[in-house]
Amino acid sequence: MRGARLSSYSTSVPRRIQPNTGSLVLRPVTAARLYADQPAAKSVGRLHSSARSATVTATAAAEEQSNVEAVAASAVSSPAANVTWSSVLNPPDSTRPPALDLPVRKPKQSLAGHLLRLGKAYGSFYRSGLKAVLINRRLVSQLKKKTNSNSGKDTLASTITRADLLLRERTRHDFLRLPLFGLVVLLTGEFSPLVVLLFPKLTPYTCRIPSHVAKLRRAAHERRLRSYQKISSAAAAVPTDAHLARVLGIGFALWDRVGLAVPLASRRVDKLLREIVQDDFRIRSGGGVELLHPDEVALAAERRGQDVRDRSTAGLRSWLRKWVDDSTQSGAGSEEDGVMAARERLAVGKSV
């Protein structure tokens, strides 16, 4: 599965306890084994067999064993360790931003030293994000080779999964932004986070830091609220496709500020709503909302005009489950019925 090929992006063990060189392998470790695996320790044992050396070595081994057992215990007790997210519904983890682990300034550390460590952390994050785009590109190429062997549309539709579609969609989005973004990172270096915040939508998905994502979500929510307030203040106002475009985040907010509708709003709204309804049917046929990764739950709700800030995964999952049931009529509805239901739901503000 794709998730297996990209295991460096997904693990049930918390990232803070992973070494930079890869994932921690959990297996029983004994003091004797740790001692035997160290060549230097063997030499010391042969040359100096004093009780003090043996005690020090045994103590170090015991501490290492304790650390490994603690990691294993946390992995077993983690909720994610007992859940298998569907590879049919969820795209590879590499389509989402990697974890950003920022250093904490130490009490006696200079400001310059702390800023240098911050810059290195951001640089590592962006390198991982750019690498993920290239990895996804290779996965899409492999997917094309697999699907090219299927000539019929019906056969092709049955072999393409939700995970495949999202992989292609996000990779296309990121790859188009890769040249310009890569140039910005190359020229600005450690100052890249400040620069990309000025042009948030020009950044690949995999290179968006948490504050970047928060800014985009806040702006999208404020845009939706302004649109709902505008139609509610007008007497007997009928929601238009321009309103739905603002609710769904289509186009730039600049069009709103100058008082113009988003270009081709009707066509773009209809296209997105059909994609959403088709996605609803895929989620249902693929096992349901319960098999979606928590990050994918938030992204799916956000795509449907939902404000996901300060919302628990359980709450968003419940909301998305209700949306999918309404859209698909519990599996008995058609695509046209789903589009109509989505229009009504978004027009009256049930998505906010």
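Count begins at 1; order follows the chain as displayed.
For all residues, glycine too, the Cβ spot is worked out from N, Cα and C.
The stretch that TrEMBL tags with transmembrane segment, taken from the ranges 68-89, 178-199, is 178-199. Here the transmembrane segment (178-199) has long-range neighbours at 115-116, 118-120, 122-123, 126, 130, 133, 207, 209, 211-212, 215, meaning same-chain residues at least 6 beyond its ends whose C-beta is under 8 angstroms from one of its own.
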